[in-house]
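These features come from Swiss-Prot:
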BINDING   129-184  ATP binding site
BINDING   ASP253, GLU266  Mg(2+) 1 binding site
BINDING   GLU266, ASN268  Mg(2+) 2 binding site
DOMAIN    103-299  domain 'ATP-grasp'
Amino acid sequence: MQNFGKVAVLMGGFSSEREISLDSGTAILNALKSKGIDAYAFDPKETPLSELKERGFQTAFNILHGTYGEDGAVQGALELLGIPYTGSGVAASAIGMDKYRCKLIWQALGLPVPEFAVLYDDTDFDAVEEKLGLPMFVKPAAEGSSVGVVKVKEKGRLKSVYEELKHLQGEIIAERFIGGGEYSCPVLNGKGLPGIHIIPATEFYDYEAKYNRDDTIYQCPSEDLTEAEESLMRELAVRGAQAIGAEGCVRVDFLKDTDGKLYLLEINTLPGMTGHSLVPKSAAVTGVGFADLCIEILKAAHVG
């Protein structure tokens, strides 16, 4: 096996997704140790990143979700320290965390995305409601794990929802509702993995459904995707990742409308690795267990 040296599993951090990061990090740490890797937990909230060098770490497995962890900040710090790290680089991480600018890139390349509008204080909210229709989804551009996602159903409520959310990270986006189904497709080192059909017990796949409930249904392989649709989803996921320069292990979320058309919703350049997480479920279908998945991700650690 490749010699990774002393490995820091970066977990925890400062974002609203800290607890999820700690859960993912603990699972990864145990998996790496089971494979004989000299791995240790490292929480930047407790210990400055500069101590990575001082403590002799040679590789970083980054599982810091959210702000500072997957937005290019920690990636830039690791570049300066010269420590190889897993996942996407600075630019791809920043773009992937910014749903608005990621959508602009996908649109420019002809990839299908749901119609959307960016909201500001002086937006004509009635016009946006008329354009996108109801219901619609409203979300902050730079939060993860569905933090701050609201489904707006009543006419005239868009402005009040915007006021509730505008303190969150990034622009606030209103997005056309696509009925039909929610899916996710991982990409591992440039290769699309089996798509997952997500059937939440809640109204949509929110934070509660992702992390706190055991009645969300995950179908992998998906029972309602044709072979052609599955192939197209993998192709679009790979193209979506390549469009922003994403590397390593990423996950692209999709919506499918009632006519069967697929839409790219967003990309997660640092997907979760908890018991509820989607990437391990998809990898398992291909015969790759959790520990081996962690090793494959670690193999792609890089600087620059």
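In case you wondered, yes, glycine gets a Cβ from its N, Cα and C as well.
Known features from Swiss-Prot, placed on the structure.
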{"residue": "GLU129", "record": "ATP binding site", "Cβ within 10 Å": "20"}
{"residue": "MET136", "record": "ATP binding site", "Cβ within 10 Å": "24"}
{"residue": "VAL150", "record": "ATP binding site", "Cβ within 10 Å": "19"}
{"residue": "ARG157", "record": "ATP binding site", "Cβ within 10 Å": "15"}
{"residue": "GLU164", "record": "ATP binding site", "Cβ within 10 Å": "13"}
{"residue": "GLU171", "record": "ATP binding site", "Cβ within 10 Å": "17"}
{"residue": "ILE178", "record": "ATP binding site", "Cβ within 10 Å": "19"}
{"residue": "ASP253", "record": "Mg(2+) 1 binding site", "Cβ within 10 Å": "22"}
{"residue": "GLU266", "record": "Mg(2+) 1 binding site", "Cβ within 10 Å": "23"}
{"residue": "ASN268", "record": "Mg(2+) 2 binding site", "Cβ within 10 Å": "22"}
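Distance between Cα atoms for ARG157 (ATP binding site) and GLU266 (Mg(2+) 1 binding site): 24 Å, as a whole number. The two recorded residues ILE178 (ATP binding site) and ASN268 (Mg(2+) 2 binding site) have their Cα atoms spaced 20 Å from each other. Each residue in the domain 'ATP-grasp' (103-299) has a pLDDT score, and their mean in this model is 93. Taking CA atoms as the reference points, GLU266 (Mg(2+) 1 binding site) and GLU143 (ATP binding site) are 11 Å apart. If you take the C-beta of GLU143 (ATP binding site) and look for same-chain residues 6 or more apart in sequence within under 8 angstroms, you find SER16, GLY66, LEU168, GLN169, GLY170. DSSP assigns MET136 (ATP binding site) to a strand.
The distance from the Cα of GLU129 (ATP binding site) to the Cα of ASP253 (Mg(2+) 1 binding site) comes to 24 Å.
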